[in-house]
Amino acid sequence: MRRHPQTATKHLFVSGGVASSLGKGLTASSLGQLLTARGLRVTMQKLDPYLNVDPGTMNPFQHGEVFVTEDGAETDLDVGHYERFLDRDLSGSANVTTGQVYSTVIAKERRGEYLGDTVQVIPHITDEIKRRIMAMAEPNADGRRPDVVITEIGGTVGDIESQPFLEAARQVRHDLGRENVFFLHVSLVPYLAPSGELKTKPTQHSVAALRSIGITPDALILRCDRDVPEALKNKIALMCDVDIDGIISTPAAPSIYDIPKVLHREELDAFVVRRLNLPFRDVDWTEWDDLLRRVHEPKETVRIALVGKYVELSDAYLSVIEAIRAGGFKHRAKVEISWVGSDDCQTDGGVASALGDVHGVLIPGGFGIRGIEGKISAISYARSRGLPVFGLCLGLQCIVIEAARSVGLTEANSAEFEPGTPDPVISTMADQEHIVSGQADLGGTMRLGAYPAVLESGSIVAEAYQSTKVSERHRHRYEVNNAYRERIAESGLRFSGTSPDGHLVEFVEYPPEQHPFVVGTQAHPELKSRPTRPHPLFAAFVKAAIDYKEGELLPVEMPERVSNGAERRDQVGQSIPEPANRG
């Protein structure tokens, strides 16, 4: 009798059917959080069926944000959910794309590694997918293997692009044995208002499509706008050949942080550990219950304006939004996001209308010239009113440009936006010049991943971190031009953090006596924030917004400027009146 090899690591695959955007990533993340709270070591992976090697060159409006890991991989935004819910760092191997798989297989064929075989989807493509899935079960740096690998299969069952990944997952179950692999399928149960009915047929057809390729799900997540009655659960269990204990109803939750509670109430985690014969303890809710109290019982509310280029799609700033909210949780505050298109801030009237009733301004990262003057105008407006400002990556660069213009460098700009500017206060990094000039690939070639920085003792950022040595993740090609540091410093802007060799500017800020909180970082600290462990810079920013709301700070006297930084001499020294409503 054939015996499957013993494996210490179990594999759980999450697929989706009927429609996209059903929340597979959040479902997988929440289940991972539950298993972790039961004392299991969990890691996660996303299989993306698109042909791009990674999302680094994709339009944010199509894909959403690019999540950068510690080791510098540009990955899917779901990897950010995984890190936040598991509260652990993942590597680039947590995201696999069709582009990566085909690139590897074709490279092997060119090297002759297939010994003249005809290279095909099965077995060569599926074998490479399986290799990457199985690699997640390898021991970590401490020599410990994960107890469970949760792998989310992107796309929808029936999509031609997803078929090789589903086939590879089927083969993993065949290779490791059914007792070591669990399939969880997320499906839609629509409600038809005219007839007042919940319809199960789409789920039945989705499971039938899954079974046609050899996969029988062990459990079904039923997405619906209401609880699915027991009678319908029994019907779905019968028609889809799934144990009734594996039929999980998941109506819309009050927040994404409530999803683990929803799944636990339906006993999904208990069903999984029993089916996979995993050792476990009862769920430890101590940390998560404290988070939920902070989410649902805030003591105050602040409004933060996010001035960005891609505000029509909130997923383009997913980690930023989660980090701001987590910063609010730290202070038992609810953060309301005011979405402000940077194009709308290019005029005095536009910026006043957009920012007149907020308590803080966040300038996120981005690329290209569109909307840049609006971001700079937003910084000038906030500076003149003592309004807290936090700049990320491009946000730091805009703070520097605004500061340079305030000391007479009226044409100061970035080489990215205006290559011919006489004052390129933001310049191309030396090792990026050949890439920007088109002599090398754009994809995967930025300054990516974790880099250290040294902070000035006593600075706002050092006080926030409670340390003068930090490490943050990066994604950029441009840097502050060191030739302009002294001139920019005349504005009062301090270069409060640099790379260890002092060459790269990593953090800037105005001293508190000049402005309560204007801080910029070349990094992306939002990528390291966790709901249970808010990033210190976001916590400090939200605290500054709370202080602004409560403190009735007086406006700072500054000359009013036109968009290119030139002063209006007839109004120099006049303070700009405080907005009537801080609300």
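Note: Cβ is positioned from N, Cα and C throughout, glycine not excepted.
Cβ environment of C393 (active site, nucleophile): P364, G365, G366, H474, R475, H476, T521, Q522, A523, H524 lie under 8 Å away, each six or more residues apart in the same chain. What Swiss-Prot lists as active site, nucleophile is C393, and the listing cites sequence analysis.
DSSP assigns H524 (active site) to coil in the three-state reduction, outside any helix or strand. Annotation comment: Swiss-Prot describes H524 (among others) as active site.
The active site feature in Swiss-Prot is assigned to E526 (among others); the stated evidence is sequence analysis. Around E526 (active site), the same-chain residues at least 6 positions away in sequence with a Cβ under 8 Å from its Cβ are S319, V320, E322, A323, L392, H535, F538.
Summarising the annotation, Swiss-Prot assigns CTP binding site to S20, D159, I160, E161, K199, T200, K201, P202, T203, Q204, K235 and lists sequence analysis as the type of evidence. I160 (CTP binding site) falls within a helical segment according to DSSP.
The Cβ of L26 (ATP binding site) lies under 8 Å from the Cβ of H81, I256, I259, each of which sits 6+ residues away along the same chain. In this structure, L26 (ATP binding site) is part of a helix by DSSP. Sequence annotations record features per position, and here Swiss-Prot assigns ATP binding site to S21, L22, G23, K24, G25, L26, D78 based on sequence analysis.
Taken from Swiss-Prot, the feature Mg(2+) binding site covers D78, E152. Taking a C-beta cut-off of under 8 angstroms and a sequence separation of 6 or more, E152 (Mg(2+) binding site) has the following same-chain neighbours: F13, V14, K24, G25, A28, M44, Q45, K46, L47, D78.
G395 (L-glutamine binding site) falls within a helical segment according to DSSP. As annotated by Swiss-Prot, L-glutamine binding site applies to G366, L394, G395, L396, Q397, E416, R477, with the evidence given as sequence analysis.
The annotation region 'Amidoligase domain' is assigned in Swiss-Prot to 1-278 on the grounds of sequence analysis.
Looking only at other Cβ atoms within 10 Å, the busiest spot among the binding-site residues K24, K199, K201, K235, R477 turns out to be K24. Across all of the region 'Amidoligase domain' (1-278), the predicted model scores a mean pLDDT of 93. Secondary structure from DSSP puts E416 (L-glutamine binding site) in coil.
The two recorded residues, K199 (CTP binding site) and L22 (ATP binding site), have Cα atoms 16 Å apart.
Between the listed binding-site residues, namely L22, L394, L396, the fewest other CB atoms within 10 angstroms of a CB are found at L22. Each of the binding-site residues D78, E416 was ranked by the number of other C-beta atoms within 10 Å, and first place falls to D78. For L394 (L-glutamine binding site), the nearest of the binding-site residues L22, G23, K235 in terms of C-alpha separation is G23.
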